[in-house]
Amino acid sequence: MFLRENKFRPASRMLKLSNPMRLVESVLPILRWSKSYDLRTAIGDLIAGITVALTLIPQSIAYASLAGFEPQYGLYASFVGGFVYAIMGTCPQINIGPTALLSLLTFTYTSGTNADFAVLLCFIAGIVQLFAGFAQLGFLVEFVSLPVVSGFTSAAAITIASSQIKGLLGLKFSAETFISTWKELFVHIGETRMQDTLLSLFCCIVLMGMKALKDIEIKSVINDKNRKGMLILQRFLWFVGVSRNAVVVVLAAVLAYTVHEDKRDPLILTGSITPGLPIPQAPAFHTTVGNTTYTAVEMFTHLGSGLLVVPLVGIISNVAIAKAFSNGRTLDATQEIVALGACNLFGAFFRSFPVNGSFTRSAVSEASGVKTPAAGFYTGVIVLLTLALLTPYFFFIPRAALSAVIVCAVLHMVDTDILKKLWNTSRLDLIPLLGSFVCCLALGIEVGLICGVIVDMLLLLYYHSRPPLDIVYVNDGVLPAHFAIHPCGGLYFAGAEQVRSKLISLRKPKNNSIPATALETLTIIPDSDNNGTSDGNNIANGNHIANGNLSNGNNNANGNNVTNGNINGNFIRSTELLVVYCDAVSRMDYTFLQSLKMLVAEWSRGGRVFWCDANPLVKEQLLNVLQDPHFCDAEQLRILLAGTLSEDSQVNISDTQL
């Protein structure tokens with residue numbers, strides 16, 4: 001199966017290349033679904049587009065503030081993605097635009113600069129994502145495990161919420177990291193503005209209450225008499241719930257406008273922003289911040305690891321969201337990466353900062369009955385109308401309301417459920433999760449992600465250094481005594497010495513005792529067990545149980561002795577036969593093969609090694625390293641061990657298997 005999969009993958013790509021129209025449709029999926037696009041589908045997409053826009057517009061204004069820029073930049077980042085994804089996207093539910101995570105990353109890498117740095121970061125992120133898509137590098141995201149992603153996103157959510165505390169309390173200070181934010185908070189806590197605090201508290205309560213409205217289930221009280229009215233009521237409550245951000249921002253702006261008209265300014269407001277649509281222009285490769293002029297090289301140097309971290313995080317989150325909403329359909333992850341890259345690349349020409357798919361808005365889109373990716377087009381049109389007509393009114397939006405929107409939006413990102421799941425299934429995975437989480441909070445989210453990946457790689461190397469290896473000592477009275485080895489999976493350099501030393505130690509040492517470290521996975525089939533089974537008699541951590549109870553330093557009924565964690569060599573009788581079952585081995589690397597070569601050289605001094613049920617690739621690898629390896633299948637192995645074939649016939653059988 002392993003060889004067959006690799007063999008046919010290039011063929012499918014060649015098939016696309018041989019059919020130009022199919023290749024074009026794979027890059028531009030709109031050419032496929034637009035053929036059946038009708039009025040009913042358009043109405044469904046229009047409703048979904050309008051509903052998503054009511055969530056997107058207030059969120060984009062808030063996320064622009066989180067990224068450290070004026071509100072209009074959030075709207076600039078909100079419409080291009082919808083247009084491009086409608087053409088190149090494959091998942092109807094996904095809405096591309098500003099998100100809390102990428103906004104925080106943008107702030108991390110562009111803090112203390114200007115919008116030109118964020119636009120350049122968006123441009124480079126698009127190029128990197130397009131390259132990753134067209135070069136079929138999407139598999140690289142598989143090296144970032146779910147525990148690392150969970151720890152990273154949870155820490156990012158806490159960092160984002162912490163950064164908004166100053167907005168909730170009406171404070172003014174500058175801080176870039178989680179720790180510095182809390183330090184500054186305690187320094188300025190005495191400057192808390194009561195009006196902003198009360199407004200933010202009210203907004204948070206309303207937002208959480210309205211969120212609960214959309215989940216109210218009233219179908220249980222519906223009967224034939226009031227069915228229509230109850231369904232309308234439930235739909236209305238759902239619409240109010242998903243529009244909660246827009247409702248809260250508008251109400252807060254009206255309140256601020258009212259008190260402003262009374263010549264009082266008790267609230268911190270967003271202030272004046274640049275009205276109108278952005279003028280298309282290429283990203284700036286040189287800029288001036290204050291009295292400092294940055295060249296292209298200096299801008300790239302300042303952005304540093306963000307040139308790779310930002311597109312990587314965008315790819316991971318976008319593919320994850322697309323998988324979540326694929327509803328069992330086959331997902332073209334490569335095309336999703338290409339579409340995201342195009343959204344960022346073209347968005348940079350309209351002053352956008354980096355964007356990706358939003359899980360919250362995608363869920364709203366699905367619940368609204370979206371039919372095709374064209375819903376993003378309608379959302380983009382509404383954002384453009386907002387930029388053209390409504391920007392003067394953004395002056396009155398209180399910053400406390402925007403902070404409340406951000407905090408309530410990121411609460412669901414803190415993943416606590418995974419802790420119990422990992423504890424019950426794979427406790428070692430808690431190490432990269434906690435490592436990523438702690439490092440993100442202590443060192444910054446960009447460093448924390450890298451630390452989490454490094455810990456994950458070390459854990460992966462640890463697993464490879466301990467490949468599954470079942471060792472069975474067979475002495476059933478039917479066949480000659482021999483060791484049967486059952487390795488599994490791919491065998492690579494990390495586990496080469498571990499496997500070799502364990503198998504070498506099975507040969508009789510000078511003290512006629514086999515160390516327990518070599519017997520952690522050893523099962524013994526004694527000669528009294530004529531049915532060929534072990535009856536559950538296992539050795540683990542140096543303790544042997546065979547037809548009775550046995551502990552360290554004690555003798556069992558058969559007189560088999562265990563002393564200081566070692567098995568007496570008289571129990572495991574002298575054998576020169578080693579059988580390696582290769583049916584579960586997919587491939588081996590060069591280092592592991594060289595280790596096997598040394599193993600065979602040492603074992604073959606008076607002994608024999610048989611390779612049973614090896615696949616063609618493993619056979620070819622062994623032939624290129626070993627001298628005259630003995631291959632056989634299970635039946636031929638039984639005959640060989642029974643001694644019914646001569647040495648010459650054994651070699652002939654080996655040759656016929658190649």
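Using N, Cα and C of the backbone, Cβ positions are placed for all residues, glycine too.
Marked as domain 'SLC26A/SulP transporter' by TrEMBL: 44-431.
Per TrEMBL, the feature transmembrane segment maps to 42-63 (among others).
Annotation source TrEMBL lists transmembrane segment at 83-105 (among others).
Per TrEMBL, transmembrane segment is recorded for 117-137 (among others).
Residues 66, 100-101, 104, 177-178, 181-182, 312-313, 316, 320, 406-407, 410-411, 413-416, 418, 422, 429-430, 432-438, 440-441, 445, 448-449, 452-453, 455-457 of the same chain sit 6 or more residues outside the transmembrane segment (143-162) yet have a Cβ under 8 Å from a Cβ within it. Marked as transmembrane segment by TrEMBL: 143-162 (among others).
Positions annotated as transmembrane segment by TrEMBL: 236-259 (among others).
Remote same-chain residues near the transmembrane segment (303-325) are listed as 90-91, 93-94, 99, 101-102, 105-106, 108-110, 117, 120-121, 124-126, 128-129, 132, 138, 141, 144, 149, 152, 331, 333, 336-337, 340-341, 344, 354-359, 362, 366, 446, 449-450 (criterion: CB distance under 8 Å, separation of at least six residues from the stretch ends). If you look up TrEMBL, you'll see 303-325 (among others) marked as transmembrane segment.
Taken from TrEMBL, the feature transmembrane segment applies to 337-355 (among others).
Proximity of distant same-chain residues to the transmembrane segment (375-396), defined by a Cβ-Cβ separation under 8 Å and at least 6 residues beyond the stretch ends, is recorded for 45-46, 48-50, 52-53, 56-57, 60-61, 71-72, 75-76, 78-83, 85-86, 89, 92, 94-96, 253-254, 256-257, 260, 269-278, 365, 368. What TrEMBL lists as transmembrane segment is 375-396 (among others).
Through the fold, the transmembrane segment (430-463) approaches residues 104-105, 108-109, 143-145, 147-148, 150-152, 154-156, 158-159, 177-179, 305-306, 309, 313, 418-419, 422-423, 494 of its own chain, all at least 6 residues removed from its boundaries and within a Cβ separation under 8 Å. Residues or ranges marked as transmembrane segment by TrEMBL: 430-463 (among others).
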Cβ-based contact of the transmembrane segment (236-259) with the transmembrane segment (83-105), 3 or more pairs under 8 Å: no
Candidate ranges 42-63, 117-137, 337-355 - greatest C-beta contact count to the transmembrane segment (83-105) (under 8 angstroms): 337-355
Stretch contact, the transmembrane segment (117-137) with the transmembrane segment (42-63), Cβ-Cβ under 8 Å, 3+ pairs: no
